[in-house]
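To keep things clear, I will list the structure first and then write my remarks on it.
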Amino acid sequence: MGQAAWKGFVLSLFDYKTAKFVVAKSKKVGLLYRVLQLTILLYLLIWVFLIKKSYQDIDTSLQSAVVTKVKGVAYTNTTMLGERLWDVADFVIPSQGENVFFVVTNLIVTPNQRQGICAEREGIPDGECSEDTDCHAGESVVAGHGLKTGRCLRVGNSTRGTCEIFAWCPVETKSMPTDPLLKDAEGFTIFIKNFIRFPKFNFSKANVLETGNKHFLKTCHFSSTNLYCPIFRLGSIVRWAGADFQDIALKGGVIGIHIEWDCDLDKAASHCNPHYYFNRLDNKHTQSISSGYNFRFARYYRDPHGVEFRDLMKAYGIRFDVIVNGKAGKFSIIPTVINIGSGLALMGAGAFFCDLVLIYLIRKSEFYRDKKFEKVRGQKEEDNVEVEANEMEQELPEDKPLERVHQDEQALELAQSGRKQNSNCQVLFEPARSGLQENAFVNMKPSQILQTVKT
């Protein structure tokens with residue numbers, strides 16, 4: 001028995017099992033299935049492969065370097081500064097040319113400051129006082145300019161004044177001018193040189209045209225047809241970012257310069273081109289008290305006596321952030337097979353949906369359900385039925401088969417209950433039989449026929 005079991009197991013390893021298909025002649029379900037197949041196929045071809053290019057291996061670990069250079073000059077003539085010519089060393093910070101740089105467009109200058117004793121500026125709450133006890137000596141003025149000396153300085157007969165402080169005097173008191181100091185900054189140019197590399201594919205490129213013409217960068221400007229001349233006019237960048245130059249030059253702001261690289265390496269390297277986008281990154285709402293961008297810096301000097309003094313400058317301007325992003329794709333068999341397999345799985349989901357419609361939703365669903373699902377008894381149940389049938393046959397007389405006994409019993413019962421009615425007698429003819437014999441049973445469908453005869 002054990003050897004037979006093992007033999008059957010070993011032989012079963014070489015069996016091939018296949019599905020049994022039922023062809024349903026339903027035009028509605030068939031049409032639905034073809035529509036689903038066509039939809040999935042179009043999704044796979046158009047969206048997955050043509051648009052998303054999911055047959056490619058993608059590299060998003062972009063390595064990038066940015067070098068910037070600003071050029072231009074501006075002339076001013078003010079009461080405080082007199083006639084002055086401004087060049088890149090005056091208005092570009094930092095001068096190294098990094099991916100974040102600042103261009104000064106407006107200034108508030110407080111010249112000739114020296115360390116000493118003076119009054120705090122009005123309008124600073126912690127620096128206001130009514131008497132000397134309001135100014136604690138040695139304390140710094142919150143959001144102010146120096147350390148309190150302990151004295152309250154009042155002008156004339158006023159009851160309110162400001163604390164005396166030790167600071168760089170005189171303190172900054174001027175307000176913002178109504179017009180930007182460097183109006184001509186709109187015509188400055190910015191040269192943005194970008195080098196990128198995708199390490200997975202060992203692919204490198206720059207946004208500057210490879211040419212031997214030394215005068216190319218001196219004569220060209222960026223345009224939609226000249227992508228490899230990354231020289232931008234400052235006013236154009238601000239306009240492309242959706243801002244007004246005179247407004248942003250007065251109070252300052254932050255502009256984002258985005259460089260996008262989307263490279264299909266299945267094509268030639270000439271098809272891998274940079275794309276530029278510009279937007280304003282800071283809070284540009286006019287009602288906000290924190291709008292704009294500014295900071296302070298100083299230039300220090302010494303007088304003939306060796307005493308240090310400085311010119312304090314509060315600079316307003318535009319900060320530019322150069323942000324580089326990108327990805328590269330190249331054909332790979334692995335993502336291709338994965339996406340084809342996903343499409344085939346969607347095909348199977350479509351067939352499953354059509355099965356649900358066929359066996360549950362349409363008018364003849366019960367008929368198709370009976371054809372699709374076949375009930376088969378297990379081997380043990382078949383053996384039990386066969387044993388019971390054999391036992392019943394052995395209990396009957398040999399000359400009376402099982403179906404004949406059933407007929408005799410029915411005829412006897414009807415004869416005992418029969419009676420005459422109006423000199424007529426109901427005679428029960430032998431019932432008609434139909435059916436097939438399965439497992440020693442006969443499926444009987446008796447059809448009793450009553451016939452009236454005269455006596």
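Count begins at 1; order follows the chain as displayed.
Note: Cβ is positioned from N, Cα and C throughout, glycine not excepted.
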Disulphide partner cysteine [Swiss-Prot] for CYS118, chosen from CYS169, CYS220, CYS229: CYS169
According to Swiss-Prot, which candidate in LYS52, LYS53, LYS205, LYS314 joins LYS69, VAL70, LYS71, THR189, ASN294, PHE295, ARG296 at the ATP site: LYS314
Recorded disulfide partner - CYS152, candidates CYS129, CYS220, source Swiss-Prot: CYS129
Cysteine from CYS229, CYS272 that Swiss-Prot links to CYS263 by a disulfide bond: CYS272
Where the record names LYS69, VAL70, LYS71, THR189, ASN294, PHE295, ARG296, LYS314 as binding ATP, the maximum Cα to Cα distance in Å: 24
Of CYS129, CYS163 (the disulfide-bonded residues), the residue whose Cβ has the fewest other Cβ atoms within 10 Å: CYS129
Recorded positions compared (VAL70, CYS152, CYS263, CYS272) - highest count of Cβ atoms within 10 Å: CYS263
PLDDT averaged over the residues of the topological domain 'Cytoplasmic' (363-455): 54
Cα separation, CYS163 (disulfide bond) to CYS118 (disulfide bond) (Å, whole number): 9
